[in-house]
């Protein structure tokens, strides 16, 4: 993670409702469609902002794990498995996910990267064109609705004058190669009717992978176009497409990891792999109705196709109720979010934001055997007979209200509520002897209030108290398989609810920020992994859990182009009721969550010439199962980078190199929670290297 300057970033209050960058100057980014513009210092919530330019400084630009490891409360781990995405959790929410992102609400330019059921993914984020990434933790994330243990909002750069074209490339260990092209620009300054801004980027990434059977290739395209219609309104078009083909190496037992961490024996036997194709587009209209009123409407639609081959032996698949070892999904999703903001007086200055959010998703899910018989013997890795055929629908309608009250010069109150309603309907089209009609439906409804009080001790020191209630429904994937191995949906799985209280302090220190947050979250009916085997996972409700912790962060810039960033997270996440069958797990640590995380970096980064830096990351041990009988050991990693940036008239050339895991530490990058065969461990590489180049030309 790189350092950002606090004075350079401003946020919409509480980061509510997916802000977008509207205009910019040298010191601030002006954010539209938000109740008011506030700094990170003045936001009464635990929030971190990482600047896009800092994210790209001497990094591969392949994964968010390169640049977000210093965000307190955020546990981001690279599985070394591009078939399953990063493992990402905020304050422990999302740690159970065996693939993709769970328990966290993701947005890219206002378009949800999280489906209506709560399942998300980061593979469509182009780091080459990111303006910034905002990470919200704590009670106010509930105002985003379902699956909001935390919120991550990614904003694409808004094109500015002069027009610029940039080519970039990175080559690293294990045959990893990324290259891309980006064009940005604008006509006018964005304030006059007819002014246009644009950002278009495309990237290709290929790798052999650190482990056996872990190669991947990804093609990604991203575009953002803005048109100033008149002095009061703007129209923005967002487009994104990603195409991934990735082998899946799977997990290893402890003995296998120690013997050879690069091996993937079952993956090669079953030829486990995944393909993903996703295309989406969005349209945002923003209008200033008066000096006191603003409105905006965001519409989007997309489609996603996935095919996955799993490592399931032939014998279980012969059961008439088994869904097979190949999954094919076709998803179509769309949504609309409309909101109105009013600033007025009710004895004190007050701001109201109200709106309505609607999302829906249709899914055609089919299952096939992952083998074909040849002379009576199975040949794995081939699509066989149809074993599952269903159409699933999920949709939500959420009205919301947020208010902000300036009670006095030093005291302010923020309060909001969202009523979240989620419906699920499954229609079974595969009815055979031994496999009956498993159609079913479910609905979930919950009021989600949140509020905070902020007091300004001085102009540079604020303290706050916040509380709220969160809500997390099962995803379609979590509903898809029953723990008893029978056919049909796991409709007995209930949504979880959580209550959070948080106190925090933020202090500006020169050109930097020191922040501290203390919190406690109690959850009922926590959704946890019941079993995981062969790439297939079933889930259950765990009763009560508690997360309590502390987050400390310090970001500072010094004279002479030196930058320092440091953070520490302590998170005690435990079961408050028994979730195990054969022993009492009450009081056990929840798996997949590190109790301690630390990060520190220092860099010398002038505008041009030589630059260099180092960073260190500590990850505490992570339990792999509910019984706490298996765990991934703690580790500390150190990285170094250096480069040279050359500016000559309209040309900028940046050449750099880096080494990661400098001391060649052997470690487990992530765990597969409650893997039934003890294959918990997903190893990460030892010392590895990379070199990169960026060339930009400005048409002035």
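Placement of Cβ uses the backbone N, Cα and C atoms for every residue, glycine included.
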Which one of these stretches, 102-111, 112-121, 122-131, 162-171, shows up in Swiss-Prot as transmembrane segment?
162-171
Candidate ranges 500-509, 530-539, 580-589; Swiss-Prot annotation transmembrane segment resolves to 500-509
Give the range, chosen from 437-446, 447-456, 477-486, 487-496, that Swiss-Prot lists as transmembrane segment.
447-456
Reduced to three DSSP states, the motif 'TonB C-terminal box' (680-700) has 0 helix, 15 strand, 6 coil
So what's near the transmembrane segment (177-186) in sequence-distant terms, Cβ-Cβ under 8 Å and 6+ beyond its ends?
60-62, 126, 128-129, 157, 159-171, 195-207, 699
Six or more residues out from either end of the transmembrane segment (220-227), which same-chain residues have a Cβ under 8 Å from its Cβ atoms?
109, 123-124, 126, 129, 156-159, 190, 194-205, 234-243
Count up the helix, strand and coil residues in the domain 'TBDR plug' (39-157) according to DSSP, in that order.
16 helix, 42 strand, 61 coil
Non-local residues, at least 6 beyond the ends, that sit with Cβ under 8 Å of the transmembrane segment (195-204):
61, 126, 128-129, 156-160, 178-189, 217-228
